[in-house]
Amino acid sequence: MSKIVSQLKSTLIQSDSHGLLSGCSILLEVETEEQTELLNRACFGRPIVTAQKDKQWFQLGMEEAFYLYYNLKCLKILGEGKCTKNEDELWNYMKSKRETFPDFLKAYTHLRTRNWVVRSGSQYGVDFIAYRHHPALVHSEYAVLVLSEGQGNANGRLRVWSDFQCTLRLCGSVAKTLLVLRIDRNSVGEDSPSCLESYSVEERTITRWSPEQSREDKTIASSQLL
């Protein structure tokens, strides 16, 4: 996957690609068929249908767009009047759209830099879903929830046991493991994207305890000892 992302980065830089801010999304006009293929293979954004049949557009989420802009430095983003947003302007815009954007971006970057394919998890009631390989080849392995440490859990999930039970039951029904990423800001603010370097991520996988499975495992272990 890292090789494909590198190829995408190269072609976006060569074409001086620009994304257009549109609410909580960024619209990217694709210049070539190669870019379309690489965006699909690298799993950034989703193609959308427009009235412009001679042009292909992709819709990027805020984390995807900022990752391309800030981490890979291969995408410029335009605001109103098609003026290029600088780093601080874009950062503040995205924070204004979602209070927990810095934590979500840290989680997204954490997974992406480890070569996981990261997609929106809204259809499963989670923040992201993570794949080891392209979604066309494998099912997503993890359903990801992002929690903010030390902020009273600003995103308000998994506060009581019933939250755990409901989330785990849902993950089990779609054959996914729940991966909780706790973002600790370590008393660092959110004034600029560089603050993310001081944030830490704690990974925890959570599964349902099955009495039947536990008894079976214990029986197998005992028989092996005999």
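Including glycine, each Cβ sits where the backbone N, Cα and C put it.
The annotation domain 'tRNA intron endonuclease N-terminal' is assigned in TrEMBL to 19-91. Marked as domain 'tRNA intron endonuclease catalytic' by TrEMBL: 105-186.
Counted with DSSP, the domain 'tRNA intron endonuclease catalytic' (105-186) comes out as 24 helix, 24 strand, 34 coil. The DSSP breakdown of the domain 'tRNA intron endonuclease N-terminal' (19-91), given as helix, strand and coil counts, is 28 helix, 23 strand, 22 coil.
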